[in-house]
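As structure tokens, the structure follows; a few thoughts come after it.
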Amino acid sequence: MKELQYLRGFGSEFSSEDPRCPNALPLGQNSPQKCPYGLYAEQLSGTSFTAPRSENRRTWLYRIRPSVGHQPFKKCANTGMTHNWGEQEPDPNQMRWKPFDLAASDEDFVDGLKTVCGAGDPKIKLGLAIHVYSCNSPMKNRAFYNADGDFLIVPQMGTLIIRTEFGKMTVSPNEICVIQQGMRFSVAVSEQSRGYILEVFGRHFHLPDLGPIGANGLANARDFLTPTAWYENCENIGFEIIGKFQGHLFSAEQNHSPFDVVAWHGNYVPYKYDLSKFMVINSVSFDHCDPSIFTILTCPSDKLGTAIADFVIFPPRWSVQEHTFRPPYYHRNCMSEFMGLILGEYEAKKGAFQPGGATLHSIMTPHGPDKSCFEYGSNEPLVPKKVAEGTQAFMFESCLSLAITEWGAKTCEKLDPEYFKCWQGLNSNFTGPT
């Protein structure tokens, strides 16, 4: 596959033309009476027209046919995705899932989508869902779009080759991508693939504010990559458009490819990011910093400083704190914490927490290092050392209280009933008076 070209930046104003059609972008206006090359002008809005300019997101697409040229949508089978948060009784226990199964038969990306947990309602544009995917076949003459919100996709196994209306991108383990609300895309794979998805309803991800860190650090805007324009002009091929709307899947047929955008300009785009480019901030004196210092992207709520969803990683880094218990501390949190493991071993849960698996620590449910991690952290030599080498764990954190789906609790058969036992050996070390 020819090396793909990308545009750099986050939230920037971009423009791109397929080099086969130079000067395809109209000059001086968005919707001329006749577009170059006989194209149609179509605007894709990611915010309301009257959103503040600093937050306004939209892109103009110049395409061979308008996207409205399809047959009526019909509800289609939905084998794993749901926003029915009442399927299971509430359960505040710590939860750990063994690695989710790989696709056993020919399954493409849409076929392999399963919902683990979530909260809220896409009809009121407030909430989130956490899904996993497994696939081993490309989406053949199929495209998917999400009318409910944005997909943040975290591959754990296998490289995804993603066609979008904006162009192509590849996303491998230790990279992420965001396909924003309404954007049509198709996923191809050449091997067994598995990963995680964080979906936020009706809102978009932002870079976190840096505050006293300064102007630079964490995930730098210049390291986010957006595809460049690429089109295909295919007719009479029988293309299926699958839309996710109010938590349900719908299908419509059309006789041409939706990936026929010859040129585009705007700031509402898909993008990818390489997690190895994250600039880690950490303590160089004492104590274990709060994990918010590892935030890559955030989706803010209406409450200042509180997120509908944060995407946080735990990357390789130096640990140099003095007279400090260096592993993560024991914690009860007003936020929900869903963790996944892309590769390696997570420092506080070595062994049983495996790549392709997950944990959920619900609001105010205690969690922290297991017994062996506590004993090592309490006695290790406090010399400078590299931690989490060859490892990449991540967390989806939310202010919402997440409900488990029936698939996540029962159907997947991956929930580990023995998880609580990893803390049972934490005996009293108290030396004071009884």
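Yeah, the Cβs are placed from backbone N, Cα and C, and that goes for glycine too.
Features as listed in TrEMBL:
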type     : residues       : note
ACT_SITE : HIS288         : active site, proton acceptor
BINDING  : HIS331, GLU337 : Fe cation binding site
BINDING  : TYR346, HIS367 : homogentisate binding site
DOMAIN   : 5-275          : domain 'Homogentisate 1,2-dioxygenase N-terminal'
DOMAIN   : 276-430        : domain 'Homogentisate 1,2-dioxygenase C-terminal'
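Features recorded in TrEMBL, as mapped to the structure shown.
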residue : record                       : Cβ contacts under 8 Å, 6 or more apart
HIS288  : active site, proton acceptor : GLN321, THR324, PHE325, ARG326, PRO327, PRO328, TYR329
HIS331  : Fe cation binding site       : PRO366, HIS367, GLY368
GLU337  : Fe cation binding site       : THR359, LEU360, HIS361, HIS367, MET395, PHE396, GLU397
TYR346  : homogentisate binding site   : PHE314, MET339, PHE353, ALA388, THR391, ALA393
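HIS367 (homogentisate binding site) counts 20 other C-beta atoms within 10 Å of its own C-beta, drawing on all protein chains shown. Within the model, the domain 'Homogentisate 1,2-dioxygenase N-terminal' (5-275) carries an average pLDDT of 96.
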